[in-house]
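Just below is one structure, and these are the notes that go with it.
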Amino acid sequence: MTTPLIEIRQIYKSYGNTPILNNVSLNVNHGEFLTLLGPSGCGKTTLLRLISGFEQPTQGEIFINGQCVNQLPPQKRDVHTVFQSYALFPHLSVFENVAFALRCKKTPNQEIRKRVFDALKLVQLESLAERNVKQLSGGQQQRVAIARAIINRPQVLLLDEPLSSLDYRLRKAMQSELKQLQKTLNMTFIFVTHDQEEALSMSDRIVVFNHGHIEQIGTPKAVYETPANLHVAMFIGEANIFDIQVHTVKDQDIITNIEGIQLSCKNTGNYQVNDRLHLIVRPEDIRVWSLSEVEKTEGMLPGRIVDIIYKGSTVDLKVELSSGKIINASEFFDEDDDKLEYTLHETVWVQWLPGWEVLLPYEG
């Protein structure tokens, strides 16, 4: 069995009487892109600072390559951090910002030049080496910060919400570049974000945080399609949630009632009659049918379209059910498909196939 590069063992962190992290344990593998995902104030950045050595745990241990590093200062941990603010030296050129750590070590000039240009080439900035960093765009400044962080080839690169200040288009481009850089370097990246799309598109695994606890650890597919609890389901993407009760268990299915309609669902949790559950279905898994398209309405819910949002590749619909509950549906847009020409206030039928839903124990 491969030894993890980083082991977080029962970490607690408090500031005064305020708990920030509560019994957090986590292993990080060699060459892994791991994302710490959660809302503001959940403890994810605090954990990053504990790994880097800028903070000390109140209780628990942190191991890097099998060595406990609790007492080691940041410069002894072979871990580098890219901060949200980039923390560049505004009076220095791109080259000198990247070379700074090497100059502190009194590295020979010839070696500095080679290593700096190697790092700048990886982030596609070699042509801007002599430019002052104040003359760069936000995306270019971020690349400089990354080049400076990888110049010594640390075992772990920690990234604290580095994309949050970029505009949407640049943020999307940088997501792809960061992932490709991580693969090229075969370096362990630990990435902090509150953005679910970033986490899903970049990560090998995602660690979902909430109120100082880890709620779930898994691949992007696992945390999206099989969330561990209601918080994960609601935080990762959009979710329509129905509170239901099991009426009948039949083979591998359960029968329940939603909006007065009897529906069949896959019994994925060995649930029993009278169990209260949350039924979760993603907007992209809901199908919306006009009245003229439907002959048999068994297993469908009647509704009325109350909003239509055109997004280019998709059409998002808000459908009001008979109880007044609003659910979201998302359809891929095809301009040649007349079936996607919905009208406001149109009466429709909505459905999803058994097994497309997620069932979770009721949380009250």
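For all residues, glycine too, the Cβ spot is worked out from N, Cα and C.
If you look up Swiss-Prot, you'll see 6-236 marked as domain 'ABC transporter', on the strength of sequence analysis. The ATP binding site annotation in Swiss-Prot covers Gly38, Pro39, Ser40, Gly41, Cys42, Gly43, Lys44, Thr45 and is backed by sequence analysis.
Its Cβ placed at the centre, Lys44 (ATP binding site) has 27 other Cβ atoms within 10 Å. Within 8 A of the CB centroid of the ATP site residues Gly38, Pro39, Ser40, Gly41, Cys42, Gly43, Lys44, Thr45, the other residues of that chain are His194, Phe209. A simple Cβ count within 10 Å picks out one of the binding-site residues Gly38, Gly41, Gly43, Thr45 as the most packed, and that one is Gly38. Across the domain 'ABC transporter' (6-236), mean pLDDT in this model comes to 93.
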